[in-house]
Amino acid sequence: MQSPAATAEGLSGPLFGAYTFPTFKFQPRHDSMDWRRISTLDVDRVARELDVATLQENIAGITFCNLDREVCSRCGQPVDPALLKVLRLAQLIIEYLLHCQDCLSASVAQLEARLQTSLGQQQRGQQELGRQADELKGVREESRRRRKMISTLQQLLMQTGTHSYHTCHLCDKTFMNATFLRGHIQRRHAGVAEGGKQKKQEQPVEEVLEELRAKLKWTQGELEAQREAERQRQLQEAELIHQREIEAKKEFDKWKEQEWTKLYGEIDKLKKLFWDEFKNVAKQNSTLEEKLRALQSHSVMESKLGSLRDEESEEWLRQARELQALREKTEIQKTEWKRKVKELHEEHMAEKKELQEENQRLQASLSQDQKKAAAQSQCQISTLRAQLQEQARIIASQEEMIQSLSLRKVEGIHKVPKAVDTEEDSPEEEMEDSQDEQHKVLAALRRNPTLLKHFRPILEDTLEEKLESMGIRKDAKGISIQTLRHLESLLRVQREQKARKFSEFLSLRGKLVKEVTSRAKERQENGAVVSQPDGQPSVKSQQSTLVTREAQPKTRTLQVALPSTPAEPPPPTRQSHGSHGSSLTQVSAPAPRPGLHGPSSTPPSSGPGMSTPPFSSEEDSEGDRVQRVSLQPPKVPSRMVPRPKDDWDWSDTETSEENAQPPGQGSGTLVQSMVKNLEKQLEAPAKKPAGGVSLFFMPNAGPQRAATPGRKPQLSEDESDLEISSLEDLPLDLDQREKPKPLSRSKLPEKFGTGPQSSGQPRVPAW
């Protein structure tokens, strides 16, 4: 326990400041103990509940009571001296602790007062500090302005030079002119010597100016060096970024080219596979139809030996087995196609997913221009996806076509009569049928013209893809001369490749050239034999062997001169002709549109007056094919109408509109005789070259009304590989009433099948 002196010393330490400890002495004790009150207290409860209030109430009575006269209530003996001593010592301790408590309370109150005072002083000090900081900020701003002003004045001083100012040699003042300086010297420095002091004043000023000039030059050099270094660093960074963009673009282009090549290869394989399967099915169908036709032809033959008993059941069973085998094979092929399409679709989806991930990764690192290129690639991918869907639709249509052919064969087999000669079904006949399968396909297509409508979208898509591969868009109305020259070189290379691939290519071309030339000569000779009316010029040539090259490349015409019709023509006549079961329709040309081309003063054989098709296909030759057949009289101006884009589409409405001709016009008989001769020549079948596709014509539907005279037909065809064999089967039935006028390419499809009965006749579908 500390002594009172130590306690006083602790209270008067630095923590409590200069607090004075009051004088302490023990008080006398005269009060008696209140035993009744003590007996009511529960000491255990006070200790358990920490009842400090009860202790505070009883502390005074216990501390200041006198226990010397206390005796035991039971035995009446006084309190034990040792116990009494302990109780008195406890009273003294409690009294001292109460004194310490009072001192501490007073010290705490004093310290709280001092704390409040210190807090007030601190707040005032902070306010003063903020005010001084504001003042310091203002002083700094003022100092900065003054430094700027001084530097500006120094720069002006260095720029203008010291000779512009007049400095007093006796003080630091400077004047604008010498008058002010003299006045200043007279006022302030009268009678003062000038020599030594002026020199002392000029030397420090010159030194300061030189030092400032040196610092300025050094600062400018440092700034220039820093600018140059920063410029070099920016150039290097820009070059590095540009190189990275170029490398990323090259990688993206290479990857895109590889993916395009892979996709085109897969599409070509799939198209080739489907085309081979379709050819096989068509061959089988044509074979069965030929057998059915043979059975039908044999059924009408009557035996002169009497009624014979035919083996109908065996023949019917054999045909049923063949039909069942064909159905099974068709189902197998269909299943195989579906499986292959599914595999290709799964592979395409996997590749598409990989390409999308790769595309996203590349797009994150591409610049704005490369993102635009990636968007264009995405559009092309969408186009290819649409083409694949179109291919699937075409496959479905082919399957429906195969089913329809199979059903038709079943009906034909059930209609076979009983009188069948079993000896005709020999292996030799099957061999001949397999060799003539192409002719059977043609016959089947003639009997069912609706099948050709299914092939038209396929051929249109193929042609559009081929044109797009050569750089010609689908909606292009024409091509430039530079593009035409590029396509000419490309087609020339492709023709050379085909000539190397197919050994008979050149010989077939030569054969076709000779055949066309010979037919043109025959038509010319036949046309020259026909007599002419009086006052009319003679026939020059029907088709010249010279193929005139037009001003625009890839356009060739064959000129045919026809005589003018008499002033009063005979009444209209009707005629019908047939070749290979196809109808030859009369050609009637509408009046040319005056807004398109004006009349030409030169004969139509001259090049610049002709129109050029927007493109030529890859199978075109240099000068051995007919693109336009022009039938014109001499000294008659011609009008050319550009060929529209969709010249394959025509309708009954268009043909009926073209048939509305003004009455009262006559015609000659020259064209009729020429058409008959041409039909006889075209009836002979010609060998189809490799890669050629025939144009099939429908059976003749009846006579047709003669076309309006006063027109000169001009027939033209695209130079494509689909038209190599079209010259063998193309009928040109020219009306005997026609007066020669140019027939434009845009109106050519509308002329076939016109007349009073044209709406009921089947159209001539073309591939």
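Every residue, even glycine, has its Cβ placed from backbone N, Cα and C.
Taken verbatim from Swiss-Prot:
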type     : residues : note
REGION   : 122-144  : region 'Disordered'
COMPBIAS : 131-144  : compositional bias 'Basic and acidic residues'
ZN_FING  : 166-189  : zinc finger
COILED   : 205-406  : coiled coil
MOD_RES  : SER426   : phosphoserine
REGION   : 518-767  : region 'Disordered'
COMPBIAS : 607-616  : compositional bias 'Low complexity'
COMPBIAS : 677-686  : compositional bias 'Basic and acidic residues'
Residues of the compositional bias 'Basic and acidic residues' (131-144) by DSSP state, where helix covers H, G and I: 14 helix, 0 strand, 0 coil
DSSP-assigned states of the zinc finger (166-189) in counts, ordered helix, strand, coil: 11 helix, 4 strand, 9 coil
Confidence summary for the coiled coil (205-406), mean pLDDT rounded: 82
